[in-house]
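As structure tokens, the structure follows; a few thoughts come after it.
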2 protein chains.
Amino acid sequence: MTEEELVSEENQDSSIYTETGAVRQDFLAAIAAAVEDTDEDWLKEQLSHLHSSELGDVIEALPPEQRIAVVAMMKADFDFAALTEVDEAIRLEIVDQLPNNQIALAVQELDSDDAVYILEDLEPEDQEEILGQLPFTERIRLRRSLDYPEETAGRRMATEFVAVPPFWTVGQTIDYMREDKELPETFSQIFVIDPGFRLLGAVDLDRILRTQRAEKIETVMHETRHAIPVEMDQEEAAQLFERYDLLSAAVVDENDRLVGVLTIDDVVDVIQEEAEEDIKALGGVGDEELSDTTVEIARSRFIWLLMNLGTAVLASLVIGLFDATIEQMVALAVLMPIVASMGGNAATQTMTVAVRALATRDIDIYNAARIIRRETLVGLLNGVMFAALIGLVAGFWFDNPSLGGVIAAAMVINMLAAALAGILIPLVLDKIGADPAIASGVFVTTVTDIVGFFAFLGLAAWWFDLL
Amino acid sequence: MTEEELVSEENQDSSIYTETGAVRQDFLAAIAAAVEDTDEDWLKEQLSHLHSSELGDVIEALPPEQRIAVVAMMKADFDFAALTEVDEAIRLEIVDQLPNNQIALAVQELDSDDAVYILEDLEPEDQEEILGQLPFTERIRLRRSLDYPEETAGRRMATEFVAVPPFWTVGQTIDYMREDKELPETFSQIFVIDPGFRLLGAVDLDRILRTQRAEKIETVMHETRHAIPVEMDQEEAAQLFERYDLLSAAVVDENDRLVGVLTIDDVVDVIQEEAEEDIKALGGVGDEELSDTTVEIARSRFIWLLMNLGTAVLASLVIGLFDATIEQMVALAVLMPIVASMGGNAATQTMTVAVRALATRDIDIYNAARIIRRETLVGLLNGVMFAALIGLVAGFWFDNPSLGGVIAAAMVINMLAAALAGILIPLVLDKIGADPAIASGVFVTTVTDIVGFFAFLGLAAWWFDLL
């Protein structure tokens, strides 16, 4: 079949996506056929009009060997901005196989923030070689952005922006924009600067449009209270965008000079990434990506599992203290995982809420006391309820009311321990500057396992006199 | 002390936030003092110039009794948009205590999307009473928005927008914007409509500004491929914004008529909410908020813990099958939680990745096979490594190499089960239309507990002939 036959007729002009949001299989099959036939024209015709994020989705959906083939065949028609939309592993895999001079040509077509995004992951030698092939001003701009630390506003900003002096009129500004061909591709505000490039303010475009031509820019500009220092962490910058519903914000250096602009689309990516990081950290996986290899993934998960093995062995040592007790009353071995498991789950609930509240800054030292008190109460309430439930179940199951009483008491103790560990451990980790999302899980379940086994077996040994 | 003394001098004009992003204590203390003294002027002076999101943070940080006092004392100077920035529980607490006619006055000042946000949570009778006090056009607009299902584009859109006919020139459009006082507060694009209000296209403001006045709108507009149907789920709409880096998008009804506009700031909130929902669901907590009461929280977590109790009892039943075995070899009771716990953690890792990939649509039926294969391999790899580790530890600990062999075999089996459960359960839940984030956790740990105990105790009973 030819590529045209593979893409059924009614689909020719429609979306490349299926209803569930995946890239259409017939479209992917047609690309595979075109790669097979080295049909460069078909590839260029079909793929060059796609939005960069659509092209990124197509690249991700292709098998690895076809990805590089598509990029190579499309040559200058391949929109490198698509590479900012794919997994890091895929981006590196493609960029590593391309000659540096092709990359150098391609990044010149990109906005500076996209160019930095692609360059920052490269080996220093490759980076230098590519930068060396760029025109002077672009090289300086990109190198300056790359000099800022990772995950700062300086790394994420675009260095293309529109800036005018405060004494211009609205009319002059509009005329300037009609004539200047070097404007950024899109923008939503104009910055106002003094002769030394120091930021004085900004004007939203809608404000320009509803103002008479004779009006001076300085009378319509607003002082930008939300200028972002170039070294600010990207997560902090994202919080400013959210708090003040910004579409774009000026980025300034330590002398208050305008050096770039951060836009909401970059910030949306940051918000996604940060939420993603928290979810993964809580689930015990690092920064693995779907495109990582089996060995990479196995290795990155190994550390977390190893820590868990450590805590599991600790819990076993606690059980080992009571082996004589268990030998005399095997029902204890049957029931003990219930106490530990309920504690672990209750602690995970509390911890999840605490970690999120810390991430969104909804919790601080002032309301922490109230939240600790509330979590303790919740633990006590649910502890008492589940103690009653499991006490009855265990009492009837083993026809031993005392055993029901012992497991009920252990349940209350462990649910209280779970509440305290779930809230205090994230708070302490945050206080000492560690990421509560990453480390809380291990510590928290260690506490509930050890307290759970110790309380249940210890109470049983004491009550039934079985040590 | 007076309010002025409480707010130290150097802080008078600076941010209301501390470095860590919390509202400053001295500022809150000054508000408390002003409420005590019923100093309405001070409250209006200090709070009416705040951004609505700052005011929202202040309201959240105040004790409950002061919140309503501040709103009541500030009267018409209180910016109701702040209520869209606080927890639902706090919003309801405040709105429930205010007379409906004060709410009716306040919502007239709001953008329609903010007004809907506040009205949608009210009791139907209160909603009707408030709507009844609004001017006709506003009542019709809000009622139409409220008629759309929750969490759809229709609920989140603003009904204020700028629309012009295609035959206008750029100059006419600019003149219209300079004269019309009824424009929305901010906007980043202008829509183009036919006489029947059908959407033809859109023009970004920067495009208007760089085009000569004589040019016709129809020549500079782009056809909006990304118009959003009014019934589209807000999460789907958010994905369109992300994919195409949109700042705003037209919302159209079933006849393609322009009815509203969705803006990126609403979408950022949606993205946050959806990530939040996934994190909470994985952690076993529902839609609780930090401001909920102890009893509400205890109740909402109870269900999840109850399900967990069910699975824990199931696991205990499995152990109960082997009570005779344990009685003869108590080391089994000591070691068995290790096998279950490692399985549980490995499964949680896989499940976390699977749930996220499903949420971001990075996984589908076409690459599912590859990912299942990879997860199985990862489980096998880590299973073999931890089998070797725990086999050695257990063999030496109990001076029993056979016991080491048995636990090693059980570990491989359970890590494989963990990998399969961790990937297959979310996929199946997604397939049958359930939310994989909510339900996966319970099922997955049930599998690893039961397989873990059964494999370890069963193998031990068979190998040592202890049934």
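Note that Cβ sites are derived from N, Cα and C of the backbone, with glycine treated the same way.
According to TrEMBL, the domain 'CBS' annotation covers A:157-219, A:221-277. Residues annotated as transmembrane segment in TrEMBL: A:302-322, A:328-355, A:376-398, A:404-429, A:441-464.
Residues 284-286, 332, 336, 340, 442, 445-446, 449-450, 453-454, 457-458, 460-461, 467 of the same chain lie 6+ residues outside the transmembrane segment (A:302-322) yet bring a C-beta within less than 8 angstroms of a C-beta in it.
Residues in the domain 'CBS' (A:157-219) partition by DSSP class (helix H, G, I; strand E, B; coil) as 18 helix, 17 strand, 28 coil. Broken down with DSSP, the domain 'CBS' (A:221-277) shows 25 helix, 16 strand, 16 coil. Within the model, the domain 'CBS' (A:157-219) shows a mean pLDDT value of 90, rounded to a whole number.
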